[in-house]
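Let me begin by presenting the structure, written as structure tokens, before commenting on it.
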Amino acid sequence: MALQNGYSINSTPLDESGDTTPLLKKEVVDIDDSVPPQCCSARCNLAIMMFFGFSVVYGLRVNLSVAMVAMVNGTNSQPSLNSSVGHECPVSSHGNNNSSQTPDQPDGIPQYSWDSPTQGLLLGAFFFGYLVTQIPGGYLAGHFGGSIFLGGGVLGTAALTLLTPLAAQLGPYWLFGLRALEGFGEGVTFPAMMAMWARWAPPLERSRLMTLSGSGANFGAFVALPLTGFICHSLGWPAVFYMCGGAGCIWAVFWFILVSDQPGTHPRISTREKHYIINSIGKDGGAHGWSVPLLPMVLSVPLWAIIVSQMCANWGYYTLLTSLPTYMDTVLHFDLRQNAFLSALPYLGGWAFSVISGVVADSLLEKELLSVTAVRKIFTITGLLLPAAFLVAVGYSGCSGVLAVTFLTLSTTVGGTSAAGVFINQIDIAPRYAGVLLGITNTFATIPGVVAPIVTGYLTKDHSLAGWRNVFCLSAGISAGGALVFTLFGSGKVQKWALAEEDQEQAETERDGLIPA
């Protein structure tokens, strides 16, 4: 592995020549002539546990999107047969004359008369709670360690998911409140992940380890969407929430048994790997204490570039995550099982591309072909601009289910490359405060999760092609705007305010020494 003359890829703002300044010293490498292998290592096992954890997290998040099709009484929620809208695409085109109606449910399974705006509010309810705990979760995880918050967040959300059928029976307000509470519990998970990787991920392995763990989100959506459709059809929609909630509780047990906050406290890590991780990360992997540099954060242009770009990227992502099954049902008229599988297909490509992008990004950095800033910008542009073009194509695909599914799959697949771009940029600019920064950026990036389903519900009240075309074109425009912002203002350099005090003093001294008297 190329170590850039014995150093890591990190840099400080005081280095104006590029993104490479000392962090991983030569003497550290001398502990062993080679870097400890990733296979079967503690850091790789942590990434795999996180991968399955976020698979569960996204299963808990998206189960309502498909179950909603079975929960809602189609005869009351759909437009009248005499209406001039909502039936532009022939129902018979997919060989199921009843596909736009609610699927049959086993005897005794209740169904509800919720209109499109109500469904949009229920689908967005999760994100109201999700907004609240992002920053506190990142702050506390950065101080105390992230394992308790990540595991506890998943466990709490899973336990609440078990109550979903009861809440739905009590009424939409109860279900809204429960989903918001689930979001409240799950809001700490991603900031906790970032805080843990700040202590676990060697700089030249960050991209691959973090994209592997985060790719569990796409994999979870890919598995959960068709599985939810199958369970709804076979056992009834309440079984979806019992099974997803149970899976989350089981995962949490393994998490608390197998995972430690940092390499130094892990009971099964090898001495060689522990020394490699601790020495390669250096002081940046420590806890940040109770105080954080809030004002410099607020004034940080690279941080705002991450915030804006993630908000723009998430608008399209959350639109598809929450509303794609409804589009498949009301416009393309796929039956529930077809709907669930085709809604999941885009996330398979997104999962694969996110993992591949992490490996490619680290390879570019190891071989010193590009700077951290250049790598993050390239993967962000690719992951936001190209998906935007495919979303516009979806809007103009008309009643062709083949074209719509193809363009949706291409959009989400190529969008996976942004996982090695803006979505891990927090740990580049401020490793010590990575958990807090992800809490801040994810708070803003969650706003589309609240707003997008509601906007989609109002734009598509008549279930017309024109309404859904507006949804896809709006998402594409916002995504393209995010790519532009990050291209202009993004950075991969460690910011001065993110350095430890002694490092700041040393950097200032070195700079003063370079200035002629």
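Easy rule for this one: first residue shown is 1, then count along the chain.
Each Cβ is built from the backbone N, Cα and C atoms, and glycine gets one as well.
Curation plays no part in TrEMBL annotations; they are all automatic predictions.
Pulled from TrEMBL:
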COMPBIAS  93-104  compositional bias 'Polar residues'
DOMAIN    47-494  domain 'Major facilitator superfamily (MFS) profile'
REGION    81-111  region 'Disordered'
TRANSMEM  51-72  transmembrane segment
TRANSMEM  121-141  transmembrane segment
TRANSMEM  148-168  transmembrane segment
TRANSMEM  174-197  transmembrane segment
TRANSMEM  209-227  transmembrane segment
TRANSMEM  239-259  transmembrane segment
TRANSMEM  340-365  transmembrane segment
TRANSMEM  377-396  transmembrane segment
TRANSMEM  402-424  transmembrane segment
TRANSMEM  436-455  transmembrane segment
TRANSMEM  467-489  transmembrane segment
Counting only residues 6 or more past its boundaries, what in the same chain has a CB within less than 8 Å of a CB in the transmembrane segment (209-227)? 43-44, 46-48, 50-59, 62-63, 65-66, 190, 193, 197, 200-201, 244, 321, 325, 337, 340-341, 343-345, 347-348, 350-351, 354-355, 357-358, 361, 412, 416, 419-420, 423-424, 427
Kindly say whether the transmembrane segment (436-455) and the transmembrane segment (377-396) touch, using the definition of 3 or more Cβ pairs under 8 Å where each pair is 6 or more positions apart. no
For the transmembrane segment (340-365), find every same-chain residue at least 6 residues outside the stretch whose CB is under 8 Å from a CB in it, and list them. 9, 65-66, 204-212, 214-215, 218-219, 221-230, 232, 320, 324-325, 328, 334, 372, 375, 379, 383, 401, 405, 408-421
